[in-house]
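Trainee: Pasting the relevant annotations from Swiss-Prot:
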- 1-237: domain 'Deacetylase sirtuin-type' (DOMAIN)
- A25, T29, R37, Q100, I102, D103, H118, T185, S186, N209: NAD(+) binding site (BINDING)
- I102, D103: nicotinamide binding site (BINDING)
- H118: active site, proton acceptor (ACT_SITE)
- C126, C129, H144, C147: Zn(2+) binding site (BINDING)
Amino acid sequence: MQDITQAEAIHWLATQQKITFLTGAGISTASGVPDYRSLKGVYQGIQQPEYLLSRTCLKTEPEKFYQFVKTLYHPDAQPNIIHQKMAQLEQMKRGKIVSQNIDGLHRKAGSQEVVDFHGNLYECYCQTCGATVPWQDYLLSDRHADCHGQIRPAITLYEEGLSEEAIEKAIQAVASADLIVIVGTSFQVHPFCDLIHYKQPTATILAINQTPLFLQQPYYFLEAKAETIFAELTIKE
């Protein structure tokens, strides 16, 4: 790990042509969405949070699963400066985004090709008939009005495998980057943190976080709130 200055980090973001962002829940806290493991996070005070987001809970205690998942929705949350600047870089073909987040804020900010590695809360479907169901309907009932099947969000639960398409797209995004920027994540959840092994030998890793990461590879570290850095970033056409 090597520390860098805020000015250096901003310069890299402003000038690099092939950036891939690996993002986590920490980038959405400025939008009012709590992260998972901080003191104010979603899991605080809840016993067995992983169980509540597991396939077993969905199948055996669907009501308990449903009541917990509903607390993860923040439909009034708006993208912040981090999402907005990343979307701008994506639209200029300079940035790609692979996100652990299921809050949909990257897409809300205008990102078209974000890889939702763990899925999206705002995409729901009926497990019985396969129909797409508006998330607004899901928040009213987890039973499909047409067939009475169980509705669920299209997110990856504990005990479930990830989408092959998401994995392939994420690997491609990392492998094509000259600069990989890790933002708002402790980078400890597998297989998300394993994506870094697909980077080019010449690619640079930059972590913008409030605590250092445990990476086996050399990386540059800026201890900062990401929203502060992205607010200072000027992107020229």
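Each residue, glycine too, has its Cβ placed from N, Cα and C.
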Trainee: How far is it from S186 (NAD(+) binding site) to D103 (nicotinamide binding site), counting Cα to Cα, in Å?
Mentor: 18
Trainee: Cα-Cα separation of H118 (NAD(+) binding site) and D103 (nicotinamide binding site), in Å?
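Mentor: Rounded to the nearest whole number, the Cα-Cα distance is 10 Å.
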Trainee: Which of the binding-site residues A25, C126, C129, H144, C147 has its Cα closest in space to the Cα of D103 (nicotinamide binding site)?
Mentor: A25
Trainee: According to DSSP, which kind of secondary structure is C126 (Zn(2+) binding site) found in, if we only use helix, strand and coil?
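Mentor: SS state of C126 (Zn(2+) binding site) = strand.
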Trainee: When the Cα-Cα distance from A25 (NAD(+) binding site) is computed for each of the binding-site residues C126, C129, H144, C147, which gives the smallest value?
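Mentor: Nearest candidate: C126.
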Trainee: If you count other CB atoms within 10 A of each CB, which of A25, I102, C126, C147, S186 wins among these binding-site residues?
Mentor: I102
Trainee: Quick one: Cα separation, H144 (Zn(2+) binding site) versus I102 (NAD(+) binding site), in Å?
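Mentor: On Cα coordinates alone, these residues lie 22 Å apart.
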Trainee: So if I measure Cβ to Cβ from C129 (Zn(2+) binding site) and keep only same-chain residues at least 6 apart in sequence, which ones fall under 8 Å?
Mentor: H144, D146, C147, G149
Trainee: At the Cα level, what's the spacing in Å between C126 (Zn(2+) binding site) and I102 (NAD(+) binding site), rounded?
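Mentor: Per the Cα atoms, C126 (Zn(2+) binding site) and I102 (NAD(+) binding site) stand 18 Å apart.
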Trainee: Just to be sure I understand the packing, how many Cβ atoms besides its own are within 10 Å of the Cβ of D103 (nicotinamide binding site)?
Mentor: 24
